[in-house]
């Protein structure tokens with residue numbers, strides 16, 4: 001009964017999405033018609049229904065209802081409860097349901113909360129949102145029904161991929177999805193504004209919190225995902241330029257560019273067509289990622305639900321939505337005038353350069369990700385990896401960090417570089433000092449050196465932007481910018497330090513023997529079997545000593561899961577302020593020895609601290625913007641009341 | 001008419017969509033090769049087949065460096081024939097890991113002493129489990145594995161002199 005309730009709710013929600021689209025379009029055609037009144041309620045009820053359907057699916061997983069195909073395929077009665085729940089979205093059908101749930105919840109939220117958009121743009125936006133949702137309902141209901149019953153209930157479930165049986169992985173996909181789908185709102189806004197030709201600063205101010213919100217979740221999701229890849233895969237790396245990883249990075253790059261250009265549009269009424277374009281591109285990248293991950297068109301270490309038929313369905317959705325939006329863009333962008341002019345050396349100028357560089361990085365990543373697809377059309381199989389992405393990405397990223405350092409010092413519209421040179425010279429000195437320090441410690445390669453130097457310079461410049469300003473009266477949005485830019489600097493320094501100074505040691509140790517890696521001495525104390533709820537493991541207890549410090553206990557495991565039978569490596573980490581010791585237990589070697597893999601990674605944690613800071617910066621900016629907005633609205637309302645009072 | 005530039009994004013997207021549609025409808029693998037190409041090597045762990053080289057696990061194939069995975073056995077005649085080519089590959093910088101199929105340690109040791117040891121690691125596959133799981137049907141066979149443990153290329157049969165540049169090229173394409 002639960003499954004049928006969920007399915008019924010989904011069909012109903014799909015019907016409401018259709019109503020939302022049709023009513024919106026009709027209302028736009030005949031202004032002032034009553035049918036416009038249907039659009040908002042349709043969006044709200046639709047959001048409620050999908051949330052209900054999603055709750056039903058989670059309930060089915062909580063009860064391990066093995067008469068439902070999806071549960072039998074992806075769950076198991078002996079799984080811990082938290083992973084039973086996570087199993088609901090740890091698969092293709094469930095994650096698509098999560099996708100549509102977030103999307104229609106966002107639509108409901110716009111319908112309820114958004115009061116700044118002109119009514120016609122609002123109708124067009126909700127109609128667009130309904131249109132996009134409709135495609136995903138079709139995909140879900142026609143080809144990926146999560147509530148499908150088995151003819152005969154299964155005796156026992158298949159289990160959840162053990163790599164996903166990790167608390168980080170339980171929450172990483174929903175976080176990322178809120179981000180991806182949040183961008184669908186930006187997409188609908190962009191289409192709505194194109195349809196009504198109202199690309200104004202007010203429109204940008206209405207769109208900005210949505211972009212900010214999606215961007216915060218994307219940032220958090222990517223940060224969590226990279227930390228998960230780092231500790232769970234047992235490879236000791238945090239980014240592999242895998243197609244799936246790129247699929248998350250590309251929308252983030254587009255959203256970051258959009259965030260900055262929407263700011264220019266809100267503040268200065270410039271970059272109109274460009275902002276709209278980025279709004280379309282950002283969500284397109286989310287959808288493209290979905291397509292690449294699920295169609296099996298590219299091979300990936302993380303790919304799942306690979307199925308060419310589903311791939312064709314998603315490709316059709318891409319063609320309709322992205323193709324459609326880009327066609328409307330082509331027809332209408334010319335009639336959206338470019339807006340205010342500005343000098344090249346100005347805040348706008350810096351933001352435009354930032355946008356161009358971000359777009360270039362996006363292009364580089366997109367090209368690298370799709371390149372194997374292109375060459376395969378000519379019968380050549382290639383794999384594109386770090387040797388391409390690292391240097392080519394850095395060519396654009398390093399200058400972008402320099403622009404990020406300069407931009408915040410510049411005034412809107414017109415400025416002179418001479419006016420802002422003193423803090424920049426200071427930041428340059430910090431960068432050179434870091435370069436000298438890094439060269440004194442090791443002789444790493446060019447890219448890590450540059451990363452350390454430019455990162456330090458950007459950190460200094462970001463803090464110097466606060467100099468001479470009353471920090472108590474600084475707007476929250478400015479704080480947000482400072483914290484986010486500082487976060488970028490911190491993350492980049494973490495990445496550079498990791499690749500410059502990491503020490504690796506592979507040893508075969510008998511119990512009682514020790515190995516050294518960097519400043520650590522690690523002794524293998526014992527190797528014991530341990531059992532978990534649905535796995536058993538060999539655990540290697542190690543005692544690690546940093547220089548002459550106190551001993552630390554590490555217990556990496558080699559786990560074997562029963563359902564499905566899989567082996568995973570649970571690494572053990574010892575974190576100090578200046579880096580992490582990373583230990584993996586390998587297999588038994590000959591002569592009673594055990595393979596042990598050790599890494600000392602100086603300042604590697606800065607990567608994720610940086611990521612969290614970037615998201616925190618976004619959150620501060622979001623709070624600041626929303627508060628300023630509420631204040632402005634209160635002032636306007638009071639002014640209106642006063643006018644009415646005087647009139648009467 | 002400078003409006004055309006607003007249609008550029010659409011043109012780029014159309015090119016991508018066409019390519020993707022073509023690829024989706026492409027029959028995969030017209031010629032015989034392992035269905036595992038493009039897929040990661042499944043999880044496995046093997047004891048060392050020889051006392052002077054460590055054994056082999058899945059994690060060893062995913063350490064960031066592409067490798068040749070050579071499936072062989074001391075009892076296999078073509079394996080002895082390809083030994084000089086493996087030595088040449090190693091001399092030219094290839095990392096080679098071996099999987100000894102249904103073999104005894106003393107036989108492995110004797111083989112390596114006689115024909116040289118180009119292997120960084122040698123795992124013992126006593127029941128041909130790994131061999132079957134990566135789609136190999138006989139000895140010798142050589143796979144190119146990229147730095148993430150994904151199979152990129154399969155060479156069936158012994159490696160002859162003319163195959164050495166080919167394998168090095170595949171290894172380079174896998175990121176080496």
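Quick reminder: no glycine exception, Cβ is built from N, Cα and C everywhere.
Among the residue ranges A:352-374, A:513-535, A:536-558, the one that TrEMBL annotates as transmembrane segment is A:352-374. Range with TrEMBL annotation transmembrane segment, chosen from A:122-142, A:143-163, is A:122-142.
Looking at A:177-197, A:576-596, the range tied to transmembrane segment in TrEMBL is A:177-197. Listed ranges A:43-62, A:63-82; the one TrEMBL annotates as transmembrane segment is A:43-62. Checking the ranges A:375-393, A:394-412 against TrEMBL, the transmembrane segment annotation falls on A:394-412. Of the given residue ranges A:449-466, A:629-646, TrEMBL assigns the label transmembrane segment to A:449-466.
Computed over the domain 'Cytochrome c-type biogenesis protein CcmF C-terminal' (A:315-625), the whole-number mean pLDDT of the model equals 88. Distant neighbours of the transmembrane segment (A:352-374): 241, 243, 246-247, 249-250, 253-254, 256-257, 260-261, 264, 271, 274, 278, 281, 285, 292, 297-298, 381-384, 388-389, 392-393, 396-397, 399-400, 403-404, 407; these residues of the same chain sit at least 6 beyond its ends, with a Cβ under 8 Å from one of its Cβ atoms. By the Cβ criterion (under 8 Å, sequence separation of 6 or more), the transmembrane segment (A:274-293) is in contact with the transmembrane segment (A:177-197), since 3+ such pairs are found. Looking at A:96-113, A:209-229, A:394-412, A:449-466, the range that has the most CB pairs within less than 8 A of the transmembrane segment (A:177-197) turns out to be A:209-229.
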